[in-house]
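Visitor: Before I ask anything, let me first share the structure, which is written out below as C-alpha cells.
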Amino acid sequence: MALYSAAAAVLAGLESGQGGLKSLVYNSGFPHVRQLYALVSETLRYAPVLQKLLDGAALLQAEKKLQPQLAKVLVYDLLFGKGLKCGGRWKALARRHRARLEAELARLKVRHKVSRNEDLLAPEQAASAAAAQVPRYVRVNTLKTCVDDVIDFFKRQGYSYLGKAASVEELRALSGKKFLLDLHLPELLVFPPQTDLHDNLLYTSGHIILQDKASCLPAFLLSPAAGSHIIDACAAPGNKTSHLAAILKNKGQIFAFDVDPKRVATMNTLLARAGVTGCQLAQQDFLTVDPGDPKYSRVTHILLDPSCSGSGMVTRAPGEEVAPSAERLQALAGFQRRVLSHALNFPALRRLVYSTCSVHREENEDVVQAVLQERGSAFRLVTTFPSWPCRGLSAFPGAESCLRASPAETLTHGFFVAVLERCEEGADAPSLFVQSCLKIATAP
C-alpha cells in the first residue's frame, strides 16, 4: 500500500503546485523512486481516461472516503497496469468495484470505436505510450553475482531464456515470460516491456540493477582498468556509479559528486545495496572541485553526464517540458560546455565520456565541437563501438564518432555519448575535426 499512498501524494502535490514530478518523487521518502516515478507517469498519461471511468462507475460517490488521487492510481494499476499489489481494505474495494469499472471501460471503447486500451489516449499520449514499449533492461551487478547465476534464477522463476540476441528485432519481438542476453552489452538481460521486477528478490538485494541500455553505455565505453581513479562528475541517482564500481571490481577509487542533497541520499542507499566500496560521495557542485587538489592527481578517467533537457526520456510525464525553448537550450548548453571544459582540466586525465539523455544537437554535438575547438589539439574525439547502429549527427567532420540512441532505432531512451582522449606528445596528427576547427579559427 505504501506505493499507492506515495503515488497519490505525488499526484496531489502536482495538482497543488508544490513542485515538479521528479522533485516530488525524490522527496517522497519512498525507497524505490523509479517504480514510483513510472506509476505516477503512467497514471498521469491515462488521467483523462481514468477520470471518465471514475465518473461513469460513480466510484467516488460509492466510496466517499476514497481520495480522487488514490482512486486514479488504484484504477490505473487494476485496469491498465500489472494488477494491484496491495491487500486489506483496498484489495476488497477493488474487488467490489472491478466488474463495474471493467464494464465502464468496455463501454468507453465501444463509444470511441477502439479495441485497445492505448487507443483511448490522445494522439500525443498514444505516441508517448508507443515509445514506452522499450524493453525492460536488467544489468547484472557483477559485484554480487554473475550472468549465468541470474539466468538460472529467472529460469527457476518460470522465465524462458532464449539465448543471446542476434538483432534489435529479436528484442522488439519479446513477449510473455521470455528474456534474452543483449547483443551489444555482455552483462545486460532483456525482458519484454513493462516487466515489473521492483519486488523481485534479485533487485531488492542489489544483485540486479534496472537500468536502460543506453544509460549503460557511458561506463561501458569509459572502460577503466581495475585500480583506476575515476570521477563521476554528476553522479546521482548512482546507476552509472555502481556500473563503474562493477567494471573496477571495487578495486580503485571513485570520486562521485552531486549538488542535490536528496539525490545524494538516494544514491547512498543505492550504492550500499549494490555492494559498492571505494567510492567517496560528496554533495558538491563539480564546477567547484579543484583539478589541482592532490587527492585528484591520479584521476585518469571521468564520466560526465550533466544536467540536460531530458528530451530523450520516454517515460516523461504529461506536462513536462518536451520541447525546451531556445533560451532554455542555450542555458543548458552553456552549462554543459563549462562543465566539460572544467573536466578536461584534471592533469592526469586520459579518457572522458560525455553523455546526455537529450536528443538536441545543441546539448550534444555542438557542445563537444565547441570544447574541442577551444582545446585545440590537446584532446581528440575517439571512434568507438563501431557495431553500434546509430551515430552522431553530421554537425562537424568526425561527428559520426559519437553515438546516439533512440526508441525507434536502438529500442532505448534517447541518448548521446562522446568519448574523448588526451593526445599524447609525439602522437599522430590531430583528427580531421580538430584540423577543420583550427582552420576555421584562423581563417581571415
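Cβ coordinates are placed from backbone N, Cα and C, and glycine is handled just like the others.
From a predicted model like this one, the values you see are computed outputs, not experimental measurements.
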Visitor: From 91-118, 315-342, which range did TrEMBL mark with coiled coil?
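Guide: It is 91-118 that TrEMBL annotates as coiled coil.
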Visitor: As a test of reading the model: what is the averaged pLDDT for the coiled coil (91-118)?
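Guide: Taking every residue of the coiled coil (91-118) together, the mean pLDDT is 84.
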Visitor: So what sits near A236 (S-adenosyl-L-methionine binding site) in its own chain, CB-to-CB under 8 Å and at least six residues off in sequence?
Guide: D258, D260, R263, V264, T266, M267
Visitor: Hey, how far is C234 (S-adenosyl-L-methionine binding site) from C357 (active site, nucleophile), Cα to Cα, in Å?
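Guide: About 13 Å separates the two Cα atoms.
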Visitor: In Å, rounded, how far does the Cα of D285 (S-adenosyl-L-methionine binding site) sit from the Cα of C357 (active site, nucleophile)?
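Guide: So the Cα of C357 (active site, nucleophile) lies 20 Å away from that of D285 (S-adenosyl-L-methionine binding site).
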Visitor: Using CB atoms and a 10 A radius, I'd like the single residue among the recorded positions C234, G238, C357 with the highest neighbour count.
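Guide: Top count of Cβ atoms within 10 Å goes to G238.
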Visitor: Where K240 (S-adenosyl-L-methionine binding site) and C357 (active site, nucleophile) are concerned, what is their Cα separation in Å, rounded?
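Guide: Pair distance, Cα basis, whole Å: 13 Å.
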Visitor: On a count of neighbouring CB atoms within 10 A, which of the binding-site residues K240, D285 is highest?
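Guide: Sorting the candidates by Cβ neighbours within 10 Å, the top entry is K240.
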